[in-house]
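Peer 1: Sharing the record's features from TrEMBL:
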{"type": "DOMAIN", "residues": "160-244", "note": "domain 'RCK C-terminal'"}
{"type": "DOMAIN", "residues": "248-332", "note": "domain 'RCK C-terminal'"}
{"type": "TRANSMEM", "residues": "21-40", "note": "transmembrane segment"}
{"type": "TRANSMEM", "residues": "46-70", "note": "transmembrane segment"}
{"type": "TRANSMEM", "residues": "77-98", "note": "transmembrane segment"}
{"type": "TRANSMEM", "residues": "118-142", "note": "transmembrane segment"}
{"type": "TRANSMEM", "residues": "341-361", "note": "transmembrane segment"}
{"type": "TRANSMEM", "residues": "367-384", "note": "transmembrane segment"}
Amino acid sequence: MLAALAIGQLGVRISPDLKDSAFTLFIYALGFTAGPQFFANIQGGWRYGISSIIEVVCVTLLVSIAIILFKLDIGTATGLFAGSATVSAAIGTASQTISRLPISPEEIEQLQANVATAYSLTYLFGLLAIVVFTTQLAPILLKVDLKTEAQALARKLDSEDEDDDQVEGLPMFVARAFRAGSLGGLTVGDLEKGWNWTVTIERVRRHKKIVQTDPAFLLKPDDIVIVHGRRNAVIAIQDSFGDEVPVPDGTSLALVTREVVLIRADAFGRQIRQLRHSASPELRRGVFISNIRRLGQNIPALPGTVLHEGDVLTLYGQEEVVTRAVHALGKPLPKVASTDFVFLGLGIVAGLLLGNFSLNIRGWELTLGSGGGALIAGLVFGWLNMRNPARGGFPVPAADLRKISDWRHSSPPSG
């Protein structure tokens, strides 16, 4: 925003058509990214909807008071609303609404300039207020200590890194070799079940021969067992074995990663550990969730992490097992991410058509505008893409670029 303001002060003008196009793409990208989670939250209740209504009512009430006290015009009041609430999308919607008012073109231009000016002045304060409130005021009001709560959440999710000074430098998954020792006489399946399937024993060296295991495989005391799994899980069980030995040659596994969009209904709202416990034996062994992407953001794939509809899961393990897990959990994400411009164009056109629809109620013309139409179209098309990732691709980096390409406040104010 600061860069756009600086460029605007140099007298650089941007075509209105380019502004409108950038704004439409901006809103569409927001809706497309949020589409899967939006419909999932509707099905799960209206908690977020009620919170949104409370926010809108409070902000509108405060802005209305400011209008009365300071005699603000429509443009300044709208900019105050958008900036204080840090809602960039309101700028474009307000500018389009002002352009339809029965006033002169000069007045329209002035009001639209006031929107950008008021937004620019209040946005930084609104952003700082959010930071100060969430880090300073909210903990005081809720009587909580953020550091203590964060550590408690980390323990609840079975996080591996609770130390503030710990640096993420070690691999998430490791393979180590041990002598079976006192575990001889037990089957691989019994051991993995006892460890809640957090590790797998897929290969064993017996008498200088590498043997592929299955759940019924019976261990002998002199077997060299190759244990593979999350680092903290392997460390937690290492004392159960005999001596640790170097990983034998020829025991390395060909491991792959695949991304899948989660659409399996019985997995929604379940923790990763719960999903593993309920999985069939052929899906339980040798496959791990190494990363989760939700609303375009990466979140920790910890045993206690709750899965949501539309999550993009990165699965890690042997190719055959990972392939089975992908088809069991949802739809595979294409390996090469590219934008489906036909799907994108259809979504934007649908949004513009929806935004042009108006309803006249006793002289009040109600319309979504191009912003509202693009948002709804983005939500719907984002949900459709979740159901069939092979069609309608809109990669996260491309969507993020659209989100920062709203240039409506870059032009210098007139007058």
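First residue shown is number 1, and so on along the chain.
Placement of Cβ uses the backbone N, Cα and C atoms for every residue, glycine included.
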Peer 1: Please indicate, using numbers and ranges, the residues of the same chain that are 6 or more beyond the transmembrane segment (341-361) and have a C-beta under 8 Å from a C-beta there.
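Peer 2: Residues 24-25, 27-28, 32, 367-378, 380-381, 385, 391-394.
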Peer 1: DSSP on the domain 'RCK C-terminal' (160-244): how many residues come out helix, how many strand, how many coil?
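Peer 2: Result for the domain 'RCK C-terminal' (160-244), in helix, strand, coil order: 20 helix, 29 strand, 36 coil.
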Peer 1: Return the stretch with the most CB pairs under 8 A relative to the transmembrane segment (367-384), choosing among 21-40, 46-70, 77-98.
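Peer 2: The stretch I would name here is 21-40.
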Peer 1: Same chain only, please: residues at least 6 beyond the ends of the transmembrane segment (21-40) with a C-beta under 8 Å from a C-beta of the stretch. Say none if there are none.
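Peer 2: Distant Cβ neighbours of the transmembrane segment (21-40) are 88-89, 91-92, 261, 268, 294-296, 308-310, 344, 347-348, 351-352, 370-371, 374-386, 394, 396, 399-400, 402-403, 405-408.
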Peer 1: Using a Cβ-Cβ cut-off of under 8 Å, list the residues of the same chain that are 6+ residues beyond the ends of the transmembrane segment (77-98) and lie near it.
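Peer 2: Contacts with the transmembrane segment (77-98): 20, 23, 26-27, 30, 55, 59-60, 62-63, 66-67, 108, 111-112, 114-123, 125-127, 129-130, 369-372, 375, 406, 408-409.
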Peer 1: Quick one: average pLDDT across the domain 'RCK C-terminal' (248-332), no decimals.
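Peer 2: Across the domain 'RCK C-terminal' (248-332), the average pLDDT comes out at 88.
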Peer 1: With helix taken as DSSP H, G or I, strand as E or B and everything else coil, how many residues of the domain 'RCK C-terminal' (248-332) land in each class?
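Peer 2: Here the numbers are 25 helix, 31 strand, 29 coil.
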Peer 1: Please report, as numbers and ranges, the same-chain residues at least 6 past the borders of the transmembrane segment (46-70) whose CB is under 8 Å from any CB of it.
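Peer 2: Distal contacts: 77, 80-81, 84-85.
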